[in-house]
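Worksheet for the structure shown next.
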Number of protein chains: 2
Amino acid sequence: MSRTTGTDPAAGHVLWRTPEEPRRGPRRGLTLDEVARAAVEVADRDGLAGLSMQRVAAEVGLTKMALYRYVANKDELEAVMIDAAVEEPPAPDALAGTWREQAEEFARLVSDVWTRHPWLPWVTVGERVMGPREVGWVEAAVRVFEPLGLTPDERMDAVSMLFGHLRTTLATASAGTRPWTADPAGGSTMRDLVAAHAERYPALTAVMTDPGRPVVSRWDFGLRCLLDGFAAAARRREGSR
Amino acid sequence: MSRTTGTDPAAGHVLWRTPEEPRRGPRRGLTLDEVARAAVEVADRDGLAGLSMQRVAAEVGLTKMALYRYVANKDELEAVMIDAAVEEPPAPDALAGTWREQAEEFARLVSDVWTRHPWLPWVTVGERVMGPREVGWVEAAVRVFEPLGLTPDERMDAVSMLFGHLRTTLATASAGTRPWTADPAGGSTMRDLVAAHAERYPALTAVMTDPGRPVVSRWDFGLRCLLDGFAAAARRREGSR
DNA sequence: GGAGACTGTGTACGGTAGACACAGAAGACG
DNA sequence: CGTCTTCTGTGTCTACCGTACACAGTCTCC
């Protein structure tokens, strides 16, 4: 982790380093991008638990130790595969309409990518170095909320909440469950458990007997609540101004 | 995994099994509860990554293989330690006031527990068998939203979103970061990265230059937005009735 | 034609979860 | 009392994980 510029805290990180060809020695058989895409493929196929240096190495036809010529460790591999998987963020003029329409469209875009790579909602949490594309997605999200009269901090909070909501929804959805059963329930078992102990959980029993709406309408409800909440916050700001 | 009742899907799971003394053989030196509490202690001290069968076994003075006499595998150990850590959920009459005050109080209670055990927000996701206490917390949350005119499904969605919000907030807070920097950013590095590439991320740059409010006010903002959103949904229901 | 830098390989280490066989303890039953 | 049976805890073993390190081979620069 050696800083080169002094201003860029992650200059030493593969994600933000411009790849400069070494002068001497044998050419490397792969690019960092190929490694990243192979890792994405492994995670898509075998899940996050099935992702190991061994498997990724086998995918590209190398020994696992050769991978360490491309990334410093597994965390860095994860970082580059995230930035490879999220693809390009929407351009500034890609989203049109009111802020609300833009937010809905943005959520749909994130949902698309995170559905294509179901492990993404699980790894885009916690302390780590983000890649340029991932930061680009956050940038795009911040842009969406600019028309609202929120303070910068509130705008960022809104972005955070939007991503959080998508994560919660999509992470559990990818687990093959209807969204709420797994939060913090997890699995259809909660429904059965409640049914087996109805006297102990009356409020839940009442909820569980509901026939249930289709997933799409649940998705709408959550997002709508969130955006309504932001709108209310914006109104508060407007009023106090 | 042998069902005993037929109606209870997790009857074979330690979490829902009433512990019946075996007739013959030596007495076991520990109770399941002691094992669970030891595991909680390890996780509190060494974090989730530091939690291994080995460490927990050492904590209680056993070999790791002896642990398998108490739990079937590590997942089951995690399950029992979750239910041990969350403690008793609030009683039906423990929360008072309007639904909004109750929701705020409930959020505070969850926050307390999840702060005491910072690994909790990370493990209470995904497909798994919940314990009786954890289900009790969900039950309590559902009760809070009963006064609102939401449909059962919407009520459950609201609960899910509330937990999701708390998880996002507390998981990142425990990582030693201010909430939003880690979502999906992660770490103060995002701030620095944006600063180093200001021309590329203008919207983010504008946000980052903000001095920033104290954490407590960010907490309020998020929760307030969420509850405002629920209130709006309830108003929609009222209006259409 | 070196010298030196770089890539990919092989080996080794300490960690993980868990399968399995076994020694010993303790109640059940003759 | 002795024996049978069942249960607990131990020790050993396998397969895998991330990764440190030494080394062989390859390429460019001087």
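Cβ coordinates come from backbone N, Cα and C, glycine included.
Quick caveat, the model's predicted, so the values are computed rather than measured.
Taken straight from TrEMBL:
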- A:52-71: DNA-binding region (DNA_BIND)
- A:18-27: compositional bias 'Basic and acidic residues' (COMPBIAS)
- A:29-89: domain 'HTH tetR-type' (DOMAIN)
- A:1-27: region 'Disordered' (REGION)
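Here the compositional bias 'Basic and acidic residues' (A:18-27) is broken down by DSSP into helix, strand and coil counts: 0 helix, 0 strand, 10 coil.
Taking H, G and I as helix, E and B as strand and the rest as coil, DSSP gives the domain 'HTH tetR-type' (A:29-89) the counts 39 helix, 0 strand, 22 coil. Confidence for the domain 'HTH tetR-type' (A:29-89), expressed as mean pLDDT, is 97.
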